[in-house]
Amino acid sequence: MKTTFLFFLILSFLFLVVALAGNFNQDFDITWGDGRAKILENGQLMTLFLDKASGSGFRSKNQYLFGKIDLKIKLVPGNSAGTVTTYYLSSIGSSHDEIDFEFLGNLSGDPYILHTNVFTQGKGDREQQFYLWFDPTKDFHTYSILWNPQSIIFSVDGTPIRQFKNMESSGIPYPKSQPMWIYSSLWNADDWATRGGLVKTDWTKAPFIASYTNFNAQACVWSSTSTSSSCNSTTQNSWLSENLDITGQSRIKWVQNNYMIYNYCNDIKRFPQGFPRECSLN
């Protein structure tokens, strides 16, 4: 009897630690766009379309609480001004947590802006923005989110660009208890996306197309059938304790010294009463 109870207790664990080599048919649902999102090549490719009538988007079937998520994206080529391609993790509700990649389109020949943000308990305002050191429209590039109990690390093609550390001991909230879905979308935001809304979307260039492939998740999958569990650190899911080593710290400094164009922690006009507390702790 005791053995049977333990067996069912294990089956009801809240998290399943999995490594998913992606198939868009199996891993995602198209959530909006009225046919503008398409899954192709037996689930190996997803495309999102944007025209004047609508954009499109998709969401993961699973929710995750901690994970190492990789997704290859090829962004809208040519004149992409006014468009925004997003890839982010988010829970729901007014006190939601969220981890954002947003790619702000631009005029032909001008660089994309990679916009990042972290929301904790419904509060964001932690924007950092970067230029990329390559043309993200010519080929697929890997955009990664490592989210574990120690920190959140944003990476591009394996190069870390940003880290948000767990500073709960200093009274700063950290995303650790709300499971999140993976979302992506392509939509029109020409009221703000390019040069603060000065450059509008050129609809003669529509449809705008972003493409996705090689989804991979090493993650703790949320199961709504249970109420408690944990992800234990093992060799297979060593990402749970992964952090930046000396090389990673050097690479993140290189990116931030050469390609960062905005950091909320340096915006005196925005925070005349003093920067958010995490700015001094980081």
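Just so you know, the numbers here start at 1 and follow the chain as drawn.
Note: Cβ is positioned from N, Cα and C throughout, glycine not excepted.
The following features are taken from TrEMBL:
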- E98: active site, nucleophile (ACT_SITE)
- E102: active site, proton donor (ACT_SITE)
- 18-212: domain 'GH16' (DOMAIN)
- N106: N-linked glycosylation site (CARBOHYD)
- 1-21: signal peptide (SIGNAL)
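Sequence features, as recorded in TrEMBL, placed on the structure.
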{"residue": "E98", "record": "active site, nucleophile", "Cβ contacts under 8 Å, 6 or more apart": "Y88, L89, S90, S91, N117, V118, F119, G124, P175, M180"}
{"residue": "E102", "record": "active site, proton donor", "Cβ contacts under 8 Å, 6 or more apart": "V84, T85, T86, Y87, Y88, L114, H115, T116, N117"}
{"residue": "N106", "record": "N-linked glycosylation site", "Cβ contacts under 8 Å, 6 or more apart": "S80, A81, Y112, I113, T194, V199"}
Q) Roughly where does the domain 'GH16' (18-212) sit in mean pLDDT, to the nearest integer? A) 96
